[in-house]
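J.: Dumping the structure here so I can ask a few things about it.
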Amino acid sequence: MTTKRQVVGAGILLVMIYALQFLTARASLERHITPAGLTILRFYAAGALFVPYVCRARTRAGLAQLGLVKIVALSLLAGFPYLMVINTGISLTSAGYVATVGPGSIVLFSFLLPVVLLKDRPSHASMISTALITVGILLFIYNTLLAKELSPAGTALFVLQGLMFSLYGILIRKWQVNPVLGTAVVSLASCLPACVAHATTHTGFADATMKEIIFQAFAQGILSGAAAIFLYTYIVRTVGPQKASLVMPSVPIITTAAGCFLLHEPVSPVQVVGLIAMALGMSIPGLAAIRRKYPVSVIAP
């Protein structure tokens with residue numbers, strides 16, 4: 001019973017962290033900090049946090065085995081460019097959009113890429129999931145044409161986000177990289193482009209308060225950049241990837257509702273229908289896997 005309560009608590013905390021990541025990012029992007037500034041804070045904080053982990057002998061051995069080429073490839077797909085895509089998309093749309101289209105696109109491409117690249121045979125559940133998510137994404141794109149404050153380019157960036165993270169997931173599995181090691185490598189390697197961007201681009205730090213900068217470093221770097229990975233890994237190891245994957249569909253629902261009430265983001269009927277379609281599409285692979293007792297991929301925004 002204690003373990004069950006711990007897993008439930010970890011799941012609730014994980015959802016809250018992801019919702020907080022998107023909501024606080026949108027709030028800062030509307031005021032002072034730029035997408036580049038937010039990305040820089042993410043990797044400064046996460047990189048510093050992972051330094052003790054990387055200094056361990058076992059971790060250093062894993063890094064040596066991974067090699068420079070693989071580290072660069074993983075960092076391009078899930079590091080500084082990846083977060084720039086997300087934060088730029090948030091600046092052009094809303095917290096509800098990134099929380100819905102981003103994870104939905106990850107599920108979509110996690111199905112499509114193995115079919116196209118590896119010639120995997122799709123299951124009926126995967127095809128239904130893909131159809132629902134595709135409908136949801138199309139509805140979100142259509143909604144951007146109806147709302148002046150939303151940009152179709154932002155939605156397109158979230159679809160690109162899904163493609164990048166899905167490719168990252170394929171490489172992580174192919175190279176058999178531990179998820180925590182992969183996150184540490186990406187976080188530390190991304191500190192270099194973060195330093196370059198800090199010196200060459202507008203960050204908005206001069207206009208923001210120190211309190212806002214520290215809070216964003218904590219929310220984006222410590223919580224979503226590190227704590228969320230450890231929580232999700234704990235849930236996967238405790239109850240399995242099938243049940244763990246069912247946590248994620250609640251992220252877009254909670255974030256969209258919170259964005260509406262806290263940030264006064266408009267939510268149209270078209271967006272609600274798209275949200276429901278994508279949440280269902282994200283849930284189907286996990287439910288089907290539990291029924292068949294077959295593992296699913298670990299998915300994180």
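Just so it is clear, glycine is given a Cβ too, placed from its N, Cα and C backbone atoms.
Nobody curates TrEMBL annotations by hand; they come from automatic prediction.
Per TrEMBL, the features are:
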type     : residues : note
TRANSMEM : 7-24     : transmembrane segment
DOMAIN   : 10-141   : domain 'EamA'
TRANSMEM : 36-55    : transmembrane segment
TRANSMEM : 67-85    : transmembrane segment
TRANSMEM : 97-118   : transmembrane segment
TRANSMEM : 125-147  : transmembrane segment
TRANSMEM : 153-172  : transmembrane segment
DOMAIN   : 154-282  : domain 'EamA'
TRANSMEM : 179-201  : transmembrane segment
TRANSMEM : 213-234  : transmembrane segment
TRANSMEM : 246-264  : transmembrane segment
TRANSMEM : 270-290  : transmembrane segment
J.: Taking DSSP states H, G and I as helix and E and B as strand, how many residues of the domain 'EamA' (10-141) are helix, strand and coil?
T.: 115 helix, 0 strand, 17 coil
J.: Quick check for me: are there 3+ Cβ pairs below 8 Å between the transmembrane segment (67-85) and the transmembrane segment (97-118), leaving out pairs under 6 residues apart?
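T.: As far as Cβ distances go (cut-off 8 Å, pairs 6 or more apart), the transmembrane segment (67-85) and the transmembrane segment (97-118) do not touch.
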J.: When the domain 'EamA' (154-282) is classified with DSSP, how many of its residues are helical, how many are strand and how many are coil?
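T.: Counting residues per DSSP class in the domain 'EamA' (154-282), I get 104 helix, 0 strand, 25 coil.
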J.: Mind checking which residues of the chain, 6+ beyond the ends of the transmembrane segment (213-234), have their Cβ under 8 Å from one of its Cβ atoms?
T.: 7, 10, 13-14, 17-18, 20-21, 24-25, 28, 33, 38, 41-50, 179-180, 183, 187, 205, 244, 247, 298, 300
J.: Looking only at the recorded stretches 7-24, 36-55, 97-118, which one has the largest tally of CB-CB distances under 8 Å to the transmembrane segment (179-201)?
T.: 36-55
J.: Let me spell it out: take the transmembrane segment (7-24), skip the flanking residues so only those 6+ beyond its ends count, and list any with a Cβ under 8 Å from a Cβ in it.
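T.: Distant contacts of the transmembrane segment (7-24): 90, 95, 98-99, 215-216, 219-220, 223-224, 227-228, 231-232, 234-235, 238-239, 247, 250-251, 254-255, 258-259, 262-263, 301.
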